[in-house]
Amino acid sequence: TMELKMRLCVALFSLSLCLLLMGHVRAQEDVDDMEMDVEDTIDYVQDEDVVTYKAPEPMGEHFFAESFDKGTLQGWVLSQAKKDGIDEDIAKYDGKWEVEEMQDSKLPGDKGLVLKSRAKHHAISALLLRPFTFDTKSLIIQYEVNFQTGIDCGGAYVKLLSQTPDLDLEEFVDKTPYTIMFGPDKCGEDYKLHFIFRHKNPKTGEFEEKHAKKPDADLRTYYTDKKTHLYTLVLNPDNSFEMLVDQTVVNSGSLLTDMTPAVNPPAEIEDPDDHKPEDWDERPKIQDPDAVKPEDWDEDAPAKIPDDDAVKPDGWLDDEPEYISDPDALKPDDWDEDMDGEWEAPQIPNSACETAPGCGAWERPTIDNPNYKGKWKPPMIDNPNYQGVWKPRKIPNPDFFEDLHPFRMTPFSAIGLELWSMSSDIFFDNFFISSDRNVAERWANDGWGLKKAAEGAAEPGLVNQMITAAEERPWLWIVYVLTVALPLVLIIVFCCTGKKSSAPATAAEYKKTDEPQPDVKEEAEEAAKEEETETKDEEDSSGEAEEAVENGDKDENASNEKSEEDILRRCRVPLLKRIPQHLSAPIPNPAQSSLPPLLLPLVPILVPMM
């Protein structure tokens, strides 16, 4: 049993070393891969050891591309208008915009558009290279956002401004007609990713906002991690849409079935002139009119009654009150009995009751009354006159229409940001509008991909990441402790515990009990004989081994060396090249082993590993 435990100890220790080394190698490979990715996308200035940034360039058909790396707002128009319906002090769109680098930029030279003011209305817009018309090609709009100081309440969404004859970017306000609104928005604990489009009613010509269903994904991280995230909206001519964050789909659906309110109204509606008849019975159950209260039903019986079997505890102080006036209390000097009434000392617990089971008049405790039935009510039965829940009749919807191509929206000719925010320093970058998804992805890789690689290279190590995650989710500490403690406990249990061979009792110890004392001399002789036999067997085995070497048994030696090399290569750790002789002894009978039954099936697996 002890030999088997030693084998398991060595196996567990070797396995732990293997896993540790493999984890270190894997982590090093990840670091090397990250460094290679960064080197592929970033040029290093060797003399100054500074990362240089190369602005993305659009490669293919596009309608708008802006990286702000020129350092100016050239092509953008600040709104000079005022918002209607609010106080004059905050009605003006006077929020500040700047083109600058991020506060904690990992790419010197990479600039973006920054919303600088808190609690201000902001509005800025720019014309597209040419208007976008919804026909047979998809629409892809994407841009980057970084909430550098977090976000309390505010939005970071964009509006695609509809092409109209009277579009004036200097008068850009919240009521300026837009075709699509898309992007993140947050207030309180409500994290949103908007996709709204304005649909034109083909019968009335009026526009109505259609909102995409709420994403199932948890969006909280994108607002709190202070990293740059890429927001992408894809609309296809087959009416399908996709919303992506960091090139991962977080919401998708169809313009026909996944918008609220629905694009197409119902073919039938409830008749507004239909009314429920006065005698319509909607009650599925009624009281049994033939039921009669039983004669022995006592409605006056109390719910609780005194316990007749209760006995007053011994030592109960009937004449002692539970509370007494504080004898040390004094009437305040400013006490006015005319104004405050007669002064009374405050009540304190009676010290005489501290050691007694109770004070004051003893009353029997109450128990549930077995005869209590409460107020009698007739039982409920099915209503024979039940007619179901009344609903107005259906009539054809006079406003019904069927638009099977809601993708064909109003063309748009400008992009704009019209925002109110309680947070400042919101960073926008790399706006791009195209009809080719491959072109858009190439632009994303050259812009956002570069930021991601640089931010990834600057991220803390695995241990710091684990600590940061545990600070946000304290329950992870339990996982970490169990992950580390469990292997250690297993190693200690199987390597450092077990039956200890009891040392021979001394003569004095035997004298203290009635246990018979063994014949020490006979045992010593038997032990000497066994030792002589083992020595002889070892000499015979050594002689046979030397004879095998002398006869040139090279194949067996080569096989053993190859086996050892395979073991070393698999584990990647320097194991002992020789195993102590006592470890190669025959495996004890599992039935006679003291190992837990669940570990016995592992013995045939672990022993060959040695």
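Don't overthink the numbers, they just go from 1 along the chain as shown.
From the backbone N, Cα and C atoms, a Cβ is placed for every residue, glycine too.
Pulled from TrEMBL, these are the features on record:
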SIGNAL    1-27  signal peptide
DISULFID  Cys153-Cys187  disulfide bond
REGION    256-332  region 'Disordered'
COMPBIAS  273-312  compositional bias 'Basic and acidic residues'
COMPBIAS  316-325  compositional bias 'Acidic residues'
TRANSMEM  475-496  transmembrane segment
REGION    505-566  region 'Disordered'
COMPBIAS  509-521  compositional bias 'Basic and acidic residues'
COMPBIAS  522-550  compositional bias 'Acidic residues'
COMPBIAS  551-566  compositional bias 'Basic and acidic residues'
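Sequence-distant contacts of the compositional bias 'Acidic residues' (316-325) (same chain, at least 6 residues past either end, Cβ-Cβ under 8 Å): 344-350, 352-353, 356-362. Nonlocal intrachain contacts for the compositional bias 'Basic and acidic residues' (273-312), taken as residues 6+ away from its ends with a CB within less than 8 angstroms of a stretch CB, comprise 362-369, 371-383, 385-390, 392-393.
Its own atom aside, the Cβ of Cys187 (disulfide bond) has 13 Cβ atoms within 10 angstroms in the protein chains shown.
Taken through DSSP, the region 'Disordered' (256-332) splits into 0 helix, 15 strand, 62 coil. In sequence order, Lys186, Cys187, Gly188, Ser421, Met422, Ser423 are the residues of the chain that are 6 or more apart from Cys153 (disulfide bond) and have a CB within less than 8 Å of its CB.
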